[in-house]
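Engineer: So TrEMBL has the following annotated:
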COMPBIAS  56-72  compositional bias 'Basic and acidic residues'
COMPBIAS  89-98  compositional bias 'Acidic residues'
COMPBIAS  306-315  compositional bias 'Acidic residues'
COMPBIAS  628-644  compositional bias 'Basic and acidic residues'
DOMAIN    210-406  domain 'Helicase ATP-binding'
DOMAIN    447-610  domain 'Helicase C-terminal'
REGION    1-104  region 'Disordered'
REGION    292-315  region 'Disordered'
REGION    622-649  region 'Disordered'
Amino acid sequence: MDPYKLLSRSTNLSKGRPKQSRRVAPSDGPPSHPQLFASRDEAASSTLGKRKRDTVRKEADPEDFFNERGKENGSSARQKLESVVGGALDEENDDAEDEGRSQPRMRLSIEERKSILHQHKVKVTWLNSQQLLHPTKRPKGKKVKAEKPRHRLFPEPLQALRNLGQLYGVSGQLQRNIIDQSYDDATEVQLAAIPLLLNTAKENIPELAGSTEKLKIDLLAVAPTGSGKTLAFLIPLLHSVISRRHQASQTEHQTSAIILAPTKELAAQITNEGRKLAKGCGVTVSQMRKGLKLPTRSSSTKETTDDSQDVDDVESTGSVLRADIIVSAPGLLQNAMAECRDLSWQIHHMILDEADVLLDPAFREQTLDIWNALNEPELRVSLWSATMGSNIEDLARSTIDERSQRLASTSTPAPLVRLVVGLKDSAVPNVSHQLIYAATEKGKLMGLRQLLHPTTTTKGASQSLRPPFLIFTQTVERAIALNSELLYDVPAEAGGSSRIAVLHSDLSDTARDSIMTRFRKGEIWVLITTDLLSRGVDFRGVNGVVNYDIPTSSAAYVHRIGRTGRAGRDGGVAVTLYSKEDMPYLKHVANVVSMAQKQQGTEGGVDDWLLAALPKLSKRDKKNLKTHGIESRTARGQIKDPKAARQSRISTKAGFVRRVENNRKGAILGSQRRAQINLRTADDDDEEGEFGGFD
Ligand SMILES: Nc1ncnc2c1ncn2[C@@H]1O[C@H](COP(=O)(O)OP(=O)(O)OP(=O)(O)O)[C@@H](O)[C@H]1O
């Protein structure tokens, strides 16, 4: 029996699909092209040095079910690199600087750069140009008014990642690691961000060409979900750390970079990516874990922790984390920093991934605490996200500004550059959206079952969802309740309840890791979760996202649905189920969907009449919704309005049936309790009856 067929009953499966194989079933989707806004050919023809590009065949990585890149592919890319470099890439030919110097640099005219950047919808703006070009004496204590962005910049776009060594002197080993993972075309964010971060400011900003300082920039980068931001910050970071170690002939690992991410899952993913890229480069990338300590001047090298050390070990020994790059959630790092007085590190780079969350009230204090504690004058900061409100941008700008004022005597202010790919705060363009009205909570459950097991193929009716897919709920309790409702919906022949799982913050770290691994391997097909997984987490083959509870802000919608359609993959579906209760809060979702439809030139997500009819939320209501969600679905709502809370409970059973069941359960428990009491009394009686002897 074909398990895939079972899970997608009544859908027309293509005849050519290979039979059986767990590997083939869920993630067997359409191929992807990592660039979102310009076709490969257009992009290629617009460069000066037009190169032939082979279509890279994607292979499965045995460890990661959704990861299509493999070693074979890596070696073919490597052959390509060798043909470009004009010789075999032998291990000795490792000196990046030499390689860079011997190769002519690619130079594009400003017009050509403009045209490529325009094609890829990349906009680069220099935000503090006035401050740097016309520094005037500021009266002390007065806040500087945010300067209006004036300068557009046109960095030289990097078309292919295989040119990194040739153009920017990236180390041969780092280049090989990139190639071995089959990264070839640079995505939009990479083609602009990598040159901006690898070159000094004066090479990117013509106005600074006369300056003698080798300034690096601070960066605010906003690019769609799944567009490769991780690689865009990791490559320049690793290059910088490798060069610094090389220059200082350092043998010990000394932390010089911090990457902050809002969740442990995302931190683990970044660490993993970092390690793959840093393999053989002599640079260590480690994740901060509970119980680990930061290196102080007095801590001995014996305590050094190894990356492979078990979490429990770490917790019990309280080892010291010695790594060149530390990846962490802000709370963990803040605590570790608070415990150490004389930290021996010198942080030159701080990266905030999902910066808008890290600077949101929930994490703001922790993030700013860490940021302000870093006193290295040359600290360069970059902030990355798919969404960034103007308030977050202002906060970042003022923090950078205050810091440079505080360290004015030792530091030189750096250019602050903003990079935006596509339309700011919009959904990834290759995902199709569906808003489904389900009237009630029970209707939503039925709607979800219809997606799991479609019973009709009528045109216009909601489509089925090809596993694997993610389902988002508002709270942990609802995720658990939905999981127990759906647990037996997958037939035993297709793996049964093992195909569905729930992941939330109340689970232990080990359980969370295990579920993530099983989902990546394709053992779990439907993963129910909360917003814990809505940010940054990359499952390459996820075919769809279901918003069982509507997201509480437009940014939350953009990030949730961004778990599908990664790396330019087509065919991703985002379904939002909404009930009558959701109607007052739907406008922000409908706006994003409508904008995405307009961009794609498609129909079906949201009708104009619905958009016009939906009520607009006041600023206060929006804030409330963002912090608390829809009240009846929370513990607070249960106390405030028990009736509404009962109605929004996730269950297919009627109240009467639930009451009968509860009564029965209560009766069973009661009789068990009574039996135990009887048993105990009988024992006591027996004991009393026995002669215990004289004292
Ligand atoms: N140049 C490239 N070519 C092919 N695939 C790429 C390239 N760069 C990144 N990818 C792949 O794209 C996927 C998404 O990358 P990444 O997780 O960095 O996205 P992101 O922009 O950080 O997304 P999010 O906003 O959701 O955090 C990953 O699977 C990554 O391996």
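Glycine is no exception: its Cβ is also placed from the backbone N, Cα and C atoms.
A TrEMBL annotation is a machine prediction, not a hand-curated record.
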Engineer: Within the region 'Disordered' (622-649), count helix residues (DSSP H, G, I), strand residues (E, B) and coil residues, in that order.
Structural biologist: 22 helix, 0 strand, 6 coil
Engineer: Going along the chain, which residues at least six beyond the ends of the compositional bias 'Basic and acidic residues' (628-644) come within the CB cut-off of under 8 Å?
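Structural biologist: Distal contacts: 474-475, 477-478, 549-550, 552, 581-582, 585.
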Engineer: Where does the mean pLDDT land for the domain 'Helicase ATP-binding' (210-406)?
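Structural biologist: 86, rounded to a whole number.
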